[in-house]
C-alpha cells in the first residue's frame, strides 16, 4: 500500500432518494415530471440550505430558496443511472462500479403462494399480509392480529424487497433473523431473485407500535468485485456507515458503524473525520427515503434536508487538505409524485476538498459508476469495468 494517493481519505455521502429532476428515460418508469428536490423546495416556498448553496447545489440547477453563489466551493454536476431499475441496491451497486441490466424482481401483487407456503413450512409460523404496503401502516393494520396469533407479517414495496415484521416480544430477534435467513435462501435465485430481505422488528401496543433500530438487511451479494472490494484487498480502510454494509452484504467492508437516524449517521461521519485512516468513509442517510419519500411527506423531507445542511457545518471545517468529500444520491423519491415508489431521476453530484481554489462544472455523468471509478483512480486500485474517472478534472 506504499502508493501516493491524491487524497488520503474520501468521504462519500449518499443522501438516499434525493433526486434532482426526471431522468431522460423517466417515462419508461412512469416517472415523467418527477423532481424530488425541486418539488420539495416549491412546496415549502424555498429551502434553507446555506452550506449546500456554498458548495454549488443551485449551479447544478436552480433550487428555490438556495441561492446561486458567485464562487461555488465544489465541482458540480448531475448523474444519470445507467442500470435498469431505481432501487437502493441498483443505485449503490452502480456507484461502486457494477451495472445491472436485468432489474431485480418486484411483486406488486404480493409473493407467489408456493413461496409463502414454503416459508411457512420452513419457519413453523403462518404468514399474514403478503402485499405491498408501507411498513408503518401494515404493522398498525396487522400488528394486533400478529400479537394474538404469532403469525409473521410479510410485505413488499415497489422495490425488490421481502420484508418481515414481528413484535420483539412475540418473535424474539434471533428467531426473526433466522426466519429472514430462510427467506433469503428461498429467494436468492430465479424465479424470485429478490434484491433484499429485511427484518423489521417493532415494539409497543396496538395503536402505538414503533419500529426499532434492530432492522437487519439480507442483500444479495454483489455479482462482481466492487471498488470497495478493490480498496479492502489493497489494504485500505472501507468504513461503512448506516445501511451500507447491508446493501453490499458486507463485501469490501473493513468496519461497519450502525446508525439510528440521519443525524446519527452524520455523527458517525464526523467521528470518522477524527480518525486516522487511509481509504473510504461511506455513509447512507436513509431517513430522506424511508421516513419522508415513501410516505409522501414533503414538509418532513424538507425539514430533513435543512437539518442535513446544518450538519455540514460540522463536516466542512474538519476536512483536511488531502481529504475529498463527495455528496450524491442513489435515486429519487419525489414526495409529491403519484404512488409511494422511488422515482427515476438524475442525482446531484458535489465534490469538494479544502485544497480546491473554487469549484467548476463537470460534464453530466452518464453513469453513477463514475464515482467508483474516481475513487479507484485516486487509490490506484483496479478500476471497475464501468465508469469514467473525473479525478484529473479536479484541480
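From the backbone N, Cα and C atoms, a Cβ is placed for every residue, glycine too.
The annotation Mn(2+) 1 binding site is assigned in Swiss-Prot to 16, 330, 331 on the grounds of sequence analysis. Here Swiss-Prot flags 289, 294, 342 as Mn(2+) 2 binding site.
Features recorded in Swiss-Prot, as mapped to the structure shown.
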{"residue": "16", "record": "Mn(2+) 1 binding site", "Cβ within 10 Å": "25"}
{"residue": "289", "record": "Mn(2+) 2 binding site", "Cβ within 10 Å": "25"}
{"residue": "294", "record": "Mn(2+) 2 binding site", "Cβ within 10 Å": "21"}
{"residue": "330", "record": "Mn(2+) 1 binding site", "Cβ within 10 Å": "28"}
{"residue": "331", "record": "Mn(2+) 1 binding site", "Cβ within 10 Å": "31"}
{"residue": "342", "record": "Mn(2+) 2 binding site", "Cβ within 10 Å": "31"}
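Note: the CA-CA distance between residue 342 (Mn(2+) 2 binding site) and residue 331 (Mn(2+) 1 binding site) rounds to 7 Å. For the recorded site, residue 294 (Mn(2+) 2 binding site), the DSSP three-state label reads coil. Residue 331 (Mn(2+) 1 binding site) carries neither a helix nor a strand DSSP state and counts as coil.
Calculated from their C-alpha atoms, the gap between residue 330 (Mn(2+) 1 binding site) and residue 289 (Mn(2+) 2 binding site) amounts to 10 Å. Residue 16 (Mn(2+) 1 binding site) sits 6 Å from residue 289 (Mn(2+) 2 binding site), taking the Cα positions as reference. If you measure from the Cα atom of residue 331 (Mn(2+) 1 binding site) to that of residue 294 (Mn(2+) 2 binding site), you get 12 Å.
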